[in-house]
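Below: one structure, written as structure tokens.
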């Protein structure tokens, strides 16, 4: 099978994507023909030569790079399908399925999924709507709350309102009336805890909000809950499976970007999580219900809090393209349930093709 692995991207999580894609390249079945397509921070696509693939497979310390030879620039053609959608120079790149290992904006938010749909290309992961909804933390919370799932109390704040002093003062009064400090502030559409932080008082709320607004025009202000951080992997299309939950025990005040990717002692990962059977059952049930509520497909990681005092379980976030590094929680939780990394990749490729074949049967016009 011809598989295009796309990585990099115009995103704050560009570097994380390189590491995730590197891990996938090392674990994917070697019988497949692999096309590496790197996306620069400016958003340009480049096909990588086979030397890059061999370098990654032969050197365990190597990480994927993006070589930008002009003759290898990739363009995408609407309606081209598996044989004619991807073009490199004057030739077409036959591709049976695309694996977009693109975290964050322009990769996890439905934009590139829309391109694949228009090009009639099968791709791993969620569709346009599900990706877009899951990327927007406000919309995720609203839909899951409407479905009866437990959500941490929050306020949505828009920059155009925040920039008006009188509106900001009223909003802060409302927040302080409903929620106690400390608060947790984060952009609505950024991943890997970029721009997120704890506000212990009004002054910190102001500074945290400004930082979050540098990443998105819409932010969330949530109740800060001293909690255990639990994660659950889910795979599937129309039917789904939730795997053994794991726990993250951060050494920082919360599981921030540094703890996730730059501090080797940033967190302890426990798989399986040391929780009760009832908690495990509840988390898996909520994860699958959230998966279906947002119409997810392929795979996702669903994140939870367990309040250390009350033991109440809260749904936190949903990641439709979670980290895939060798130490990432998603593949490790699947492995703990008996699905090793290489078999997980094979399953995701199969789910992508199944969804594509199923959707091709749907009518797109009234003609015959």
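Glycine too: its Cβ is placed from the backbone N, Cα and C atoms.
TrEMBL does not curate its annotations; it predicts them automatically.
Database features (TrEMBL):
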ACT_SITE  13  active site
ACT_SITE  192  active site
ACT_SITE  328  active site
BINDING   137, 184-186, 192-193, 222-229, 316-317  ATP binding site
BINDING   303, 317  Mg(2+) 1 binding site
BINDING   317, 319  Mg(2+) 2 binding site
DOMAIN    141-350  domain 'ATP-grasp'
Listed recorded positions 13, 303, 328, filtered to Cα within 10 Å of residue 316 (ATP binding site): 303
Protein Cβ atoms within 10 Å of residue 303 (Mg(2+) 1 binding site), excluding its own: 20
Per-residue pLDDT averaged over the domain 'ATP-grasp' (141-350), given as an integer: 93
In sequence order, the binding-site residues (137, 185, 222, 224, 226) whose C-alpha falls within 10 A of residue 317 (Mg(2+) 1 binding site): 137
Binding-site residues (137, 228), the one with most neighbouring Cβ atoms at 10 Å: 137
Structural state of residue 317 (Mg(2+) 1 binding site), classified by DSSP into three states: strand
Per DSSP, three-state class assigned to residue 224 (ATP binding site): coil
Proximal residue to residue 137 (ATP binding site) among recorded positions 13, 303, 319, 328 (C-alpha distance): 319
Cα-nearest neighbour of residue 13 (active site) within the listed recorded positions, 224, 226, 328: 328
Proximal residue to residue 224 (ATP binding site) among recorded positions 303, 319, 328 (C-alpha distance): 303
Nearest recorded site to residue 303 (Mg(2+) 1 binding site) by CA-CA distance, among recorded positions 185, 226, 228, 328: 228
Cβ-Cβ neighbours of residue 224 (ATP binding site) (radius 10 Å): 19
